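J.: Take a look at the following structure, please.
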Ligand SMILES: Nc1ncnc2c1ncn2[C@@H]1O[C@H](COP(=O)(O)OP(=O)(O)OP(=O)(O)O)[C@@H](O)[C@H]1O
């Protein structure tokens with residue numbers, strides 16, 4: 001990031017009062033958006049109880065049921081009324097966070113509020129028309145326009161992931177697996193902090209790419225209809241965009257050979273809506289969803305309170321998956337903005353007040369944002385190194401086969417030249433000898449014949465030699481041809497390899513985005529638009545700041561003028577005015593105290609309501625627990641329960657009970673592995689049963705005893721089993737002559753008559769049924785006469 005950029009950011013945040021100079025800390029920015037009344041609310045005759053003052057960033061809520069009650073006034077960093085536009089919200093709230101993510105900061109934008117208050121509308125908006133798009137799609141456009149605008153030496157790698165927390169389970173919304181397979185675990189390590197193991201992270205190159213991911217994830221999200229919202233989000237969702245930036249040897253680091261890599265992560269969080277249990281009357285799955293939503297939101301509230309309190313050394317991040325995932329955003333190293341959404345309708349008075357209180361507390365959280373510079377294991381660094389390696393591999397010089405072909409043709413030309421010379425010599429000799437006399441000709445002829453004879457012989461010898469040489473040359477040529485062939489093949493293979501490498505290089509280079517590489521008409525237009533908008537935002541901020549400053553100055557000047565009145569009359573008047581002012585202030589303070597009192601009352605009422613809600617869910621959980629204990633007590637033998645309890649271990653990571661394996665393998669001193677059977681305390685070596693002496697097959701204990709008694713009962717003869725407990729089946733009848741059996745029968749009758757008492761809350765007798773004392777003695781069942789079951793008869797062989 002250039003120095004100017006950094007300074008602008010700091011100035012921007014200081015200007016808004018988010019940065020505390022000494023501590024380098026930054027407040028969580030909190031803005032409130034109040035949506036318009038729904039057509040349904042209007043037709044139901046609902047009216048607005050909310051007044052938004054965008055100039056003073058205040059919001060006032062009146063209780064229309066109780067007009068005597070003082071309206072409640074809250075002040076935030078910014079407030080937006082029903083006429084606010086999506087663009088306005090993005091420019092004021094999200095733009096600077098997205099901007100800082102591009103510079104290597106982490107940023108979080110969080111939408112909070114009651115169900116149907118407009119969280120999803122603020123975060124995602126509508127697809128069409130484009131002006132209705134929310135923070136998430138606008139952030140996509142902004143990120144890619146920033147990349148487009150940056151210098152060509154800068155490289156970027158953009159990745160996206162999308163998850164939801166549904167019923168305290170983390171689900172990967174970009175996974176191709178079926179819903180049951182995409183539940184993920186949370187992990188923590190020093191460098192990465194809290195992260196989700198195996199979460200799908202997709203590299204994206206353009207706005208349409210990332211929009212496709214958002215659409216895909218939205219299809220997988222858990223939504224359902226509630227009384228207030230047809231498409232209510234039943235889970236908290238987090239869309240994360242990680243931008244890795246390689247800034248190249250820049251003005252800040254001129255001597256570095258390697259470029260500096262910065263990693264910024266933007267979390268776009270759409271929380272599930274809070275709802276009162278007793279207001280919705282939800283049952284079944286909806287009840288479970290709602291309990292989990294309220295649970296995690298109250299865990300978030302507890303984290304906010306603990307952070308704001310300042311005295312708390314323990315912040316309960318581990319209470320829910322949501323708070324663990326937002327650990328860095330609340331009190332960590334992230335720039336955070338919370339958008340609290342409310343509905344204006346009078347019947348939502350309680351919920352709106354509760355949301356505003358929640359947001360008011362969050363205003364005081366302080367974070368310590370820092371740039372993530374050169375963190376370990378960045379994917380961008382890996383890609384850059386791989387690209388350098390591939391380029392080097394592709395640049396190795398390979399001699400081209402054409403050169404060899406050229407050599408061959410030159411040799412052929414030389415041969416042709418020699419042939420031409422010999423032919424010319426011969427032609428000259430023939431024309432010279434034609435001019436001589438006959439005698440001389442005879443002499444010459446004889447001489448020539450002799451010479452010819454000699455030459456013939458010499459030629460014959462030469463021919464033979466040439467034949468041999470020709471043979472050798474042919475062999476050599478063949479060998480050369482084969483060599484050439486294999487060389488061509490090697491070259492073809494090399495060419496293929498190079499093509500593969502080039503493709504790999506192209507794919508890698510395409511994943512990296514460059515400032516000027518990605519120039520295309522549309523994007524350039526977008527970049528221009530972005531620059532223009534940025535200018536507008538700055539101007540708007542400057543004007544806002546100016547306006548605030550002028551109001552303060554005028555107020556101050558007014559006071560000064562009043563104080564400077566010289567004449568007595570003026571003095572008296574001024575003093576009277578001052579007195580009036582003091583009186584007004586006194587009245588105001590009095591009113592404030594009474595407001596605080598009513599607020600305290602409200603808080604107590606709210607607390608009582610929340611307690612009632614909690615009690616309701618606790619009771620339901622307690623009932624379920626009692627039912628399970630009841631089933632365990634009545635249907636599982638106590639020794640089995642204690643065995644399971646001994647073997648059960650609480651697994652911190654998966655937050656579930658797991659059963660220790662019954663078979664334990666322990667390496668012994670002699671290097672062998674012994675196998676033991678364990679019930680959690682005792683260990684018995686697991687061995688094959690010993691064969692009875694003189695027998696060639698294993699026998700059970702009963703068979704051995706029977707042998708010892710001399711009993712030759714044939715039913716043990718074929719026993720080849722480890723352990724055989726010949727337990728009798730459970731008794732199903734009672735023996736009324738036996739005192740214990742009689743008591744058991746009476747207890748069973750009592751249990752059959754018991755019902756769950758909502759008030760106590762314990763099991764009690766059904767009120768309209770007779771108690772066991774009044775019961776007539778049940779008729780003695782016939783089978784009860786038998787004291788014991790007769791042993792089942794074994795089939796004789
Ligand atoms: N500022 C707004 N302008 C116009 N319509 C809005 C605005 N805010 C919300 N709405 C409309 O209100 C309805 C509910 O909004 P939305 O689904 O965003 O609520 P939510 O808070 O996300 O609810 P839940 O928590 O149940 O998911 C939608 O039909 C949406 O279009």
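Start at 1 and count along the chain as shown; that gives each residue its number.
Even glycines carry a Cβ here, placed using N, Cα and C.
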J.: Which residue range, 730-763, 764-797, is the one TrEMBL calls region 'Disordered'?
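T.: Checked against TrEMBL: region 'Disordered' maps to 764-797.
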J.: So which of the binding-site residues 114, 115, 117 sit close to ligand 1, that is, with a CB under 6 Å from an atom of it?
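T.: What lies within reach of ligand 1, judged by Cβ under 6 Å, is 115, 117.
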J.: Return the single residue from the binding-site residues list (113, 118) that has the minimum number of other CB atoms within 10 Å.
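T.: It is 118 that, of the binding-site residues 113, 118, has the fewest other Cβ atoms within 10 Å.
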J.: Looking at the binding-site residues 114, 115, 117, 120, which sits with the largest number of other Cβ atoms within 10 Å of its Cβ?
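T.: Checking each of 114, 115, 117, 120, the winner is 117.
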J.: Which three-state DSSP class does residue 114 (ATP binding site) fall into?
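T.: DSSP assigns residue 114 (ATP binding site) to strand.
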J.: Long-range same-chain neighbours of residue 119 (ATP binding site), Cβ under 8 Å, sequence gap at least 6?
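T.: Same-chain residues close to residue 119 (ATP binding site) (Cβ under 8 Å, separated by 6 or more) are 111, 112, 113, 233, 270, 271, 273, 339, 341.
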J.: With every protein chain in view, what's the tally of Cβ atoms within 10 Å of the Cβ of residue 116 (ATP binding site), excluding that atom itself?
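T.: Result for residue 116 (ATP binding site): 25 neighbouring Cβ atoms inside 10 Å.
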J.: Could you find out if DSSP has residue 120 (ATP binding site) as helix, strand or coil?
T.: helix
